[in-house]
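Database features (Swiss-Prot):
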REGION    1-46  region 'Disordered'
DOMAIN    60-336  domain 'GH84'
BINDING   Gly67, Lys98, Asp174, Tyr219, Trp278, Asp279, Asn280, Asp285, Asn313  protein binding site
ACT_SITE  Asp175  active site, proton donor
MOD_RES   Ser364  phosphoserine
REGION    443-465  region 'Disordered'
COMPBIAS  452-461  compositional bias 'Basic and acidic residues'
Amino acid sequence: MVQKESQAALEERESERNANPAAASGASLEQSVAPAPGEDNPSGAGAAAVVGAAGGARRFLCGVVEGFYGRPWVMEQRKELFRRLQKWELNTYLYAPKDDYKHRMFWREMYSVEEAEQLMTLISAAREYEIEFIYAISPGLDITFSNPKEVSTLKRKLDQVSQFGCRSFALLFDDIDHNMCAADKEVFSSFAHAQVSITNEIYQYLGEPETFLFCPTEYCGTFCYPNVSQSPYLRTVGEKLLPGIEVLWTGPKVVSKEIPVESIEEVSKIIKRAPVIWDNIHANDYDQKRLFLGPYKGRSTELIPRLKGVLTNPNCEFEANYVAIHTLATWYKSNMNGVRKDVVMTDSEDSTVSIQIKLENEGSDEDIETDVLYSPQMALKLALTEWLQEFGVPHQYSSRQVAHSGAKTSVVDGTPLVAAPSLNATTVVTTVYQEPIMSQGAALSGEPSVLTKEEEKKQPDEEPMDMVVEKQEEAEHKNDNQILTEIVEAKMAEELRPMDTDKESMAESKSPEMSMQEDCIPDVAPMQTDEQTQKEQFVPGPNEKPLYTAEPVTLEDLQLLADLFYLPYEHGPKGAQMLREFQWLRANSSVVSVNCKGKDSEKIEEWRSRAAKFEEMCALVMGMFTRLSNCANRTILYDMYSYVWDIKSIMSMVKSFVQWLGCRSHSSAQFLIGDQEPWAFRGGLAGEFQRLLPIDGANDLFFQPPPLTPTSKVYTIRPYFPKDEASVYKICREMYDDGVGFPFQSQPDLIGDKLVGGLLSLSLDYCFVLEDEDGICGYALGTVDVTPFIKKCKISWIPFMQEKYTKPNGDKELSEAEKIMLSFHEEQEVLPETFLANFPSLIKMDIHKKVTDPSVAKSMMACLLSSLKANGSRGAFCEVRPDDKRILEFYSKLGCFEIAKMEGFPKDVVILGRSL
């Protein structure tokens, strides 16, 4: 089957060459203006731009490059990508996943029969959707350019791919060593000459295809030595590379905040052709904490007539790229004819572009330099509005039907490439397994896993991050809302697809858990009809728990999500506002401390008002997390859950810290004021919030992997109040275990009085509780300096306990309860000063056994330690019974370590410590 289709593909390619002799001979418009090798053409950039805009020239390549470091997308995701590209009027897909081993590391290996059929299916699907499929290969890691066998191996590999039906190719020499081996140095005068030589040879061997891309090793401004205009490497590329070959370029930097027109004119001049932009603005493979959901930005539509194309290299997570690709399409369509800005005339009154310009002029204060034809904020609104529809529809890639417009898509062995495993008895979803092109026999895990990215391979710019200037929320005019609604409705009406039938069924209040595909695993019961569902629907009684109904994701949720995960160099307006508010609350917290001298009621009111507003913003994040976790489209959820989980966790800590700042009695201004500005890169918005907490270096507490199965449950950590005492005592009593159960029911408060009573009474400033929907389920208590705390206990707490519990007779054998009572009447041992100098703070923590989420304990410990360090603590310790294995393990998982025995330590306890 493979050989038959390959022969047909070769015949088809030969007929295309005969029908287009100009393409076969390599003659093109670019060749007619590009200088001959070795000639100098100072006006080359302008000539390329003119030819690029002329009628009949090669089309502008605009689409997606799968070129990130990380697990490649699977075949069904790529087919879904083709559908979206066609829908949004984009035209190109470049296959270049760095971690597909046959693309880069083991580029010499040929594809197996199974892999070949998958590639043929993919190329055929791209053709059906009218998407140009460009196959890229990266031999630069270890190829010997002067070895004819190596060149023949590369030709044989690309010849195999061409037999699959591929017509467009790319040779990539990015992210490799500049040094040549000894054999190459004898043949080639420079690294650039070696690369250009093999690229030209491969290009001619393949029949000079219409689209052939070359990625230089100096692929951005910062990689050029000494600079772009004087780079010998780029000059060689411009002079020696055949004019029919296009050059990829990422802009001034690897991840370019902006790509100025002047920078493109500069590089076009030296490479003697307009480049194709490989855009990393939405790439997130260099930071495992970051996701980019902001709009395509920082690239004027004035670039379009000066380029041969733009290919965005987006997030590693496929479903997280809806906004990135959608806004790129909006950018491209705003000037897809390549019209120069100085000749742009007013569009017709009913055009989308005209309406967008009107809206931006009337209701926005966006930067003055905003493109006349393209508004990033409007493009983001349009993308999020359309993306919202996807969250209510379960994704089942393998069941999607494509409209045939030409060659038929092959099916491997008649089985879908991605199975749909059942996560539980009622929900059936498709788990997306991210793998390179592999044989069908490859083992697949049966459960969804949280995807992690490779360690940093590309270093973005080390420069400060700008925040988006917060826009004042103004009431939009009614006619503006109507116009926006009409735009979205018109777009949706024009772009109906097979999924829309599912949307209609969802609109009829059909539970998403009942949606099931025909190709699901056989032991799952078939889907019931609406009539059967109505007959068998359970109706709870008046005293029974009502049916659970999940709130749908809202447009406001997606806007908040985009603001929290915006772009590499800036946070969205809401994210920037939250960061500024937390920084202000932190720096001005001294005004609300109880012992603050010269209190200013106006400043106190301002602080509490802004704190309340900040807590409301944190609540919006929690609500967004809950609704997203319950959405019907589990495919989107799985791709983004780890990021949303991370921001939810850090915002929970930050909210608790702000609440603590507002109710403590001691001022910590000396520690909190005077930090540097919070502009940084690593970790995105969550990382910046972490750096503003006192224990920013406690990375183990901030590392909170999400659960294997997504959950929408949210816990609240807040400061302890006296009314919580009974609940904390109850947890303390229930979790205490001496091996035989609780033996003294007649004294229910005894354990609480012994373990937590003193801290709750005398150290309120450093006490937190954990809550869920049923009430308090955990506590974290501490005192910043145990020495004065013990003195206070001797004055007030111990006498009260001695009065409450009579000293038992020590002549007889004492029960466990009597031993505890006796401890109140005995002299307390004092820990050595040498130990307390490094670990001055005492902590006690416990969580009810019903709480199974391990991240909750880390968050509680982070809140407690933040409050202690904010008041100058260098370290904390806890005392644990040697036989209490559960609590020993509990503290160990929270970063506490056993302190070596020293003189003065109690003999009946183990002391664990943690440095701050």
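Placed from the backbone N, Cα and C atoms, the Cβ positions cover glycine too.
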Other C-beta atoms that fall within 10 angstroms of the C-beta of Asp174 (protein binding site): 21
Asp175 (active site, proton donor), number of other Cβ atoms within 10 Å: 18
Where Asn313 (protein binding site) sits in the secondary structure, as DSSP reduces it to three classes: coil
Binding residues Gly67, Lys98, Asp174, Tyr219, Trp278, Asp279, Asn280, Asp285, Asn313 (protein) - maximum C-alpha distance in whole Å: 18
Secondary structure of Trp278 (protein binding site) (DSSP, helix/strand/coil): strand
Between Trp278 (protein binding site) and Asp175 (active site, proton donor), the C-alpha gap once rounded to whole angstrom: 14
Distance [Cα-Cα, Å, rounded] between Gly67 (protein binding site) and the residue listed as 'active site, proton donor': 12
Other C-beta atoms that fall within 10 angstroms of the C-beta of Gly67 (protein binding site): 27
Spatial neighbours, same chain, of Asn313 (protein binding site) - Cβ under 8 Å, 6+ residues apart: Val64, Val65, Glu66, Gly67, Phe68, Trp278, Asp279, Asn280, His282, Ala283
Integer mean pLDDT for the domain 'GH84' (60-336): 94
